[in-house]
Number of protein chains: 2
Amino acid sequence: MKQYITQDPWSIVETDFHRDYNEITESLMSLGNGRLGQRGNFEEKFTGKTLQGNYVAGVYYPDKTRVGWWKNGYPEYFAKVLNAANWAGIDIDIEYESLDLATCDVRDFRRELNMREGYLERSFVAVLKSGKEVKVNAKRFCSIVDDDAGAIRYSLTPLNFDAKITVTPYIDGAIRNRDANYDETFWDEVRKETGYGEAYIELRTRKTGFHVTTGMCVEIEQDGQKMDYQSQPIKYEKYVANRMTLDCQQGQETVIYKYAVNLSSLNHDSDELMRLAHEAIARVSRKGFDRMLFEQKQAWADKWKMNDIVIDGDVAAQQGIRFNIFQLNQTYTGEDERLNIGPKGFTGEKYGGSTYWDTEAYCLPFYLATADQKVARNLLIYRYKHLQKAIENARKLGFRAGAALYPMVTMNGEECHNEWEITFEEIHRNGAIAYAIYDYVRYTGDESYLTDYGLEVLIAISRFWSQRVNWSAAKKQYVMLGVTGPNEYENNVNNNWYTNYIAAWTLRYTIEAVGKVKALNPEKYADLCERIHFREEKEVQNAQHIVDNMHYPYDPERQVFLQQSDFLDKDLMPVSDIPKGQRPLNQNWSWDRILRSCFIKQADVLQGLYFFEDEFDTDTLRRNYAFYEPMTVHESSLSPCVHSIQASKLGMKEKAYEMYLRTARLDLDDYNNDTEDGCHITSMAGTWLAVVKGFGGMRVDAEGLSFSPYCPENWQGLAFKIRYRGALLQITTTQQDVTVQNFSVQPVTLRVHGETVTIAGESKQTVTIPVLA
Amino acid sequence: MKQYITQDPWSIVETDFHRDYNEITESLMSLGNGRLGQRGNFEEKFTGKTLQGNYVAGVYYPDKTRVGWWKNGYPEYFAKVLNAANWAGIDIDIEYESLDLATCDVRDFRRELNMREGYLERSFVAVLKSGKEVKVNAKRFCSIVDDDAGAIRYSLTPLNFDAKITVTPYIDGAIRNRDANYDETFWDEVRKETGYGEAYIELRTRKTGFHVTTGMCVEIEQDGQKMDYQSQPIKYEKYVANRMTLDCQQGQETVIYKYAVNLSSLNHDSDELMRLAHEAIARVSRKGFDRMLFEQKQAWADKWKMNDIVIDGDVAAQQGIRFNIFQLNQTYTGEDERLNIGPKGFTGEKYGGSTYWDTEAYCLPFYLATADQKVARNLLIYRYKHLQKAIENARKLGFRAGAALYPMVTMNGEECHNEWEITFEEIHRNGAIAYAIYDYVRYTGDESYLTDYGLEVLIAISRFWSQRVNWSAAKKQYVMLGVTGPNEYENNVNNNWYTNYIAAWTLRYTIEAVGKVKALNPEKYADLCERIHFREEKEVQNAQHIVDNMHYPYDPERQVFLQQSDFLDKDLMPVSDIPKGQRPLNQNWSWDRILRSCFIKQADVLQGLYFFEDEFDTDTLRRNYAFYEPMTVHESSLSPCVHSIQASKLGMKEKAYEMYLRTARLDLDDYNNDTEDGCHITSMAGTWLAVVKGFGGMRVDAEGLSFSPYCPENWQGLAFKIRYRGALLQITTTQQDVTVQNFSVQPVTLRVHGETVTIAGESKQTVTIPVLA
């Protein structure tokens with residue numbers, strides 16, 4: 001755990017330069033707009049610890065998987081979002097000395113990610129070896145208004161010298177992924193062009209053949225005036241630049257504006273990319289830095305108006321939730337149904353920027369409640385479009401007759417995880433994809449989705465479960481052998497309760513959905529049956545038999561569900577018994593020891609009780625929470641949020657707050673010692689859930705929307721907004737009461753702390769929080 | 001299954017050239033002498049299917065392991081015996097045409113591995129594109145008399161032309177392992193020299209720094225006379241050669257003699273290698289091909305005198321067993337305690353030529369009964385010398401206080417498997433290493449081994465088992481979670497019966513050995529206790545508690561031991577239910593499907609009943625055999641032999657014979673479709689066991705040596721020899737009776753079919769086989 005980031009309600013601030021933490025800070029200060037992403041790297045050369053990172057959404061590479069010996073069914077490649085051309089670089093040379101914060105003294109350093117307005121700013125005074133002092137202020141952003149574009153304002157002021165300063169803004173495409181499996185280069189150069197103050201380069205990914213054209217142009221200002229300059233174009237392999245030498249006087253500010261655009265063949269004909277890049281560069285430079293930044297601030301203000309969560313009286317908590325919301329908004333906008341949310345977004349290389357079950361289990365509820373309905377729908381459509389690949393994936397593993405196994409990790413629907421054991425065993429992901437359909441329909445009421453897309457996916461997933469279970473003659477029940485549950489600190493277990501439960505639930509929900517669609521639209525239903533050879537009677541009967549006879553491991557003594565059949569054979573002990581200095585376990589224990597231990601990486605049985613809470617009473621939750629939470633090390637970023645929500649439900653306010661801080665400030669405080677790899681983007685949605693479903697107690701069930709909000713002890717107030725079926729509501733909680741404001745014109749009926757209230761259009765109502773006995 | 005090899009009692013013969021099977025034939029026709037090994041590659045250039053393979057025992061490379069994501073405790077590298085310089089190559093060019101069997105017509109092709117005399121011979125007529133016909137006869141061997149040397153006699157006769165023929169004998173060190181994890185080169189060149197008809201090259205392995213110097217010299221004979229020739233030395237990177245152009249007349253035989261030596265820094269100071277190679281080349285060329293071959297035949301005759309098994313009336317069976325004995329003798333001589341027996345010997349790259357538990361479980365009994373006692377002892381000493389590394393290996397996984405986990409695969413004692421799951425889970429290997437000590441002491445009576453080496457190893461292994469089990473509060477017994485048994489078609493199971501049994505057995509045997517050593521040599525015992533901090537009372541008490549309370553999964557209904565706790569939850573079905581064309585499963589099913597199935601790769605519970613047969617009655621064996629064998633696919637080469645022995649014991653003669661053929665002709669008939677990777681050397685010892693312990697019914701127990709031999713129905717006779725505590729015996733069986741011949745001077749008492757007989761020195765005795773009711 002590290003605490004060098006200044007607490008501030010709206011900004012992530014580093015004062016003093018923490019060289020050793022630079023890769024962590026780079027992750028935290030990442031910029032993005034859903035289309036482009038960029039780590040918080042320095043513009044000028046830096047020979048210290050750094051992970052250069054620039055990403056273009058959807059542009060990936062199938063990196064051959066590393067395995068000892070190949071076996072049938074292993075995924076052939078691990079898809080990674082590529083580290084792409086660096087468009088932010090500006091090398092600064094002051095009379096034969098490079099400006100490089102690794103090799104000079106640094107004074108008055110400050111770096112800020114301004115989340116309210118969406119930019120990154122850095123200022124410092126560098127004291128070069130020669131004694132020259134230069135003051136720098138650099139500001140940059142990825143535009144969320146023009147999502148091809150980024151802009152930089154880089155200001156230099158010599159403090160104690162006059163000199164010729166050589167400035168080299170460049171685009172560097174000679175980039176490798178640090179996590180490449182075979183140290184290969186993933187990009188080939190296609191063409192490049194340079195002009196006066198401009199440069200363009202088009203690169204193509206190997207194997208996948210994506211083209212990305214990056215362009216830049218440069219303007220120089222001295223004494224507040226644009227100036228002409230001599231520009232020397234430079235071209236190396238996969239590199240273009242313009243070099244200009246400027247006379248700089250002591251105390252005189254020189255400002256370099258660098259505009260950059262990135263266009264990809266995902267959105268344009270690749271033959272057109274170069275021409276379009278020229279046009280785009282002309283467009284952004286015409287608009288200029290200040291205008292672009294003004295639009296940026298306005299656009300972010302609009303986002304915050306819909307998304308912001310206000311916590312009164314706890315800056316650490318406030319900063320945490322805003323950081324999470326900010327990064328989520330930077331990662332995914334929901335406008336392009338081909339895109340999705342990588343666990344690290346565009347903030348690092350690990351997990352390759354691919355899609356995991358995180359999307360359905362954690363992100364979907366966030367977007368359901370904070371964005372237009374089409375955003376959540378696009379996330380569902382993404383999986384619908386991958387259905388044929390999921391069927392193919394299951395076929396490779398020996399399943400038949402339209403059974404679908406969605407991939408653990410994917411870019412285009414194909415399975416592409418790096419570890420076979422996860423690919424084959426962690427099949428509960430299939431359940432999360434079914435659950436997301438349920439979640440969406442429940443929240444939006446949009447039952448037409450079932451008819452048009454949902455049922456087809458549900459049937460395919462149910463076919464998988466029906467084949468994946470087997471009848472145990474010994475137990476006279478259906479069992480599911482050889483799986484890995486959400487707790488990846490167990491491997492290849494039998495009858496993971498969560499997986500068995502979500503499998504049977506999927507079958508139940510599919511049967512229900514069959515009934516609904518048949519009633520709603522018999523014609524479309526008949527078409528579907530024919531198209532996918534769905535033999536209703538037989539398949540439903542079979543599914544029902546499994547539902548009725550599924551095995552759920554259970555401990556009658558403790559009255560808890562068992563994470564897996566043999567869990568009680570383990571040497572059970574609480575996390576508090578682990579000797580000091582041995583956590584996080586994954587950095588201190590052998591994998592073997594972890595697997596054999598009772599320690600749980602993330603909610604597993606509890607994850608199931610979270611998804612299906614309506615099917616269990618509170619005492620059941622309480623018993624299972626009391627049994628499992630003490631053995632849980634939360635070394636998955638996805639764990640604390642679920643625990644926080646459940647602790648809230650169980651009235652364990654302190655625990656809920658502790659878990660909230662852990663999820664909200666996971667990256668800011670580098671809890672798991674891995675933020676340098678990138679931020680945990682998908683778990684940030686979990687943070688939002690911890691507030692809205694945890695402290696806010698929001699639920700949507702058959703009876704509609706409800707809230708049971710409360711404030712943790714040290715908060716004076718909590719306010720959040722949600723969208724619900726066309727309405728926009730703000731829920732404001734103090735220690736005493738809850739006010740629900742209805743911004744929409746239609747009235748909204750909901751329950752607050754169990755009391756049904758109807759709030760007229762454009763008005764609000766306050767409910768006193770009942771005092772619990 | 002392929003059957004293109006001619007059945008012959010003493011030779012492996014291919015008539016007609018089977019291009020598509022060439023890599024298989026190359027494996028089968030491998031040559032070796034325990035120090036050098038070589039696949040049956042062609043001397044002349046061949047652009048068809050081929051895997052060039054030359055190996056120098058003990059010279060390996062630590063090839064970085066391929067894993068998706070690293071976790072603590074993963075082995076860092078996979079050690080491979082390196083593909084070394086090719087010393088057999090002789091390129092032949094006939095007036096601008098290369099002799100290359102891939103590009104010309106081939107007539108009268110015949111290739112023979114003569115096992116009786118230990119050489120490889122190949123003859124053919126090549127019809128070149130130009131119409132030229134040339135007759136070739138090539139004979140070569142690795143000398144078992146001078147184990148640095150190999151020799152080739154390569155004869156060319158133009159059948160329908162006169163021409164200048166260019167002959168280029170070479171040494172090619174520009175070799176890569178086909179199975180390199182990262183396509184790296186493993187060799188660097190150190191130096192090279194050429195002289196008249198001679199060439200030398202010294203290469204050094206990367207990382208490990210082994211030096212290997214390979215030298216060659218060439219003699220040419222025409223019309224039966226040695227001749228002078230012009231020789232043009234050639235040197236490329238890692239390549240040396242001499243080129244000579246010879247006038248060859250129609251019908252005239254030209255013979256090229258090529259002598260080669262390989263010396264390594266394993267046995268010599270690396271500065272001396274070049275000089276020694278010159279000396280060795282002088283030595284072998286002085287001796288000459290015919291003399292060397294004569295010595296080779298004599299040496300092989302001596303080996304066969306001790307080792308041969310004669311089967312009367314079944315050429316396929318005869319050829320099979322001789323092939324197995326021949327390859328075992330080629331792989332390991334027992335003279336160097338640093339060497340061991342790789343699963344593929346020197347016949348291919350797979351499994352890297354490293355040491356597995358195969359050595360202890362299968363090979364040791366072969367060498368115990370067929371070689372000098374020191375050979376088996378050297379195999380034990382090999383592990384003794386690796387004890388500290390085994391302790392280090394266990395420590396990496398979190399074990400303490402001198403616990404040792406021997407590696408699954410090793411070259412120098414370090415764990416170096418390619419797959420973490422095997423490394424961590426397949427810990428039963430530790431038991432096999434303890435069992436080998438027991439086996440050796442039982443067979444030889446050499447109890448001093450326990451005092452000097454054995455007990456120290458046993459205590460370290462027992463410490464591992466004591467820590468590896470845990471007390472299950474649920475079962476009120478000790479359990480062992482997360483292991484893989486010998487059946488690698490299950491992964492990460494709980495309470496693998498075999499592993500639990502051999503663990504408890506090790507503890508029992510260690511307690512017994514403690515008592516023995518304490519009584520035999522109290523001083524040495526006290527020294528040992530102090531050196532390894534053995535706290536006898538506490539450790540023995542703890543071990544005994546585990547022995548008394550170990551959990552053994554059992555099915556009371558079927559009265560069989562369960563392979564693992566949840567085995568009965570599987571969908572049980574016989575192998576005969578697998579649809580046609582889906583076997584071998586490992587080439588047709590996804591790994592996932594295999595793991596979930598009930599199908600067994602190799603004996604698991606039965607392996608335990610084989611090792612510990614004295615502790616179970618025959619009915620127990622019968623029930624377990626009847627339960628497990630029908631589910632066993634025998635896709636490990638180590639499986640059929642155990643089944644054959646047990647089928648013999650159970651009187652299931654047909655099954656025993658079927659399983660015998662499968663193990664004896666596994667490679668010759670390419671049962672598992674993988675002989676092209678190399679021959680299954682270690683399982684060849686299993687074949688020998690199937691004859692001697694199976695058909696021969698040999699046992700050594702507390703009462704001494706016994707036999708219960710019988711002949712399979714279609715055999716007229718079976719004769720084999722064994723060594724036993726200084727005696728050499730031959731057991732000859734017909735359908736009616738058994739004759740035991742005692743070649744030694746002292747009398748030997750043993751049991752034959754339960755009848756105790758004493759055979760005087762240098763005499764024999766015949767016992768009639770009792771007719772079973």
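Using the three backbone atoms N, Cα and C, a Cβ is placed for every residue, glycine included.
Here's what TrEMBL has on this protein:
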DOMAIN    A:14-265  domain 'Glycoside hydrolase family 65 N-terminal'
DOMAIN    A:322-688  domain 'Glycoside hydrolase family 65 central catalytic'
BINDING   A:W357, A:D358, A:K601, A:Q602  substrate binding site
ACT_SITE  A:E488  active site, proton donor
DOMAIN    A:698-758  domain 'Glycoside hydrolase family 65 C-terminal'
Widest Cα span across the substrate binders A:W357, A:D358, A:K601, A:Q602, in Å? 16
Hey, of the recorded positions listed (A:D358, A:E488), which one tops the CB count within 10 A? A:D358
Taking each of A:W357, A:D358, A:K601, A:Q602 in turn, which of these binding-site residues have a Cα lying within 10 angstroms of the Cα of the residue listed as 'active site, proton donor'? A:K601, A:Q602
Going by DSSP assignments with H, G and I as helix and E and B as strand, what are the residue counts for the domain 'Glycoside hydrolase family 65 C-terminal' (A:698-758)? 0 helix, 38 strand, 23 coil
The predicted model's mean pLDDT over the domain 'Glycoside hydrolase family 65 C-terminal' (A:698-758) is 95
Validating a neighbour-count step here. Other CB atoms within 10 A of the CB of A:W357 (substrate binding site): how many? 23
According to DSSP, collapsed to three classes, what secondary structure does A:W357 (substrate binding site) have? coil
So what sits near A:K601 (substrate binding site) in its own chain, CB-to-CB under 8 Å and at least six residues off in sequence? A:P486, A:N487, A:E488, A:Y489, A:N586, A:T632, A:V633, A:H634, A:E635, A:S636, A:S639
Residues near the substrate site, A:W357, A:D358, A:K601, A:Q602 excluded, by Cβ within 8 Å of the Cβ center? A:Y356, A:A361, A:P486, A:E488, A:S636, A:S637, A:L638, A:S639
A:Q602 (substrate binding site): tally of other CB atoms within 10 A of its CB: 24
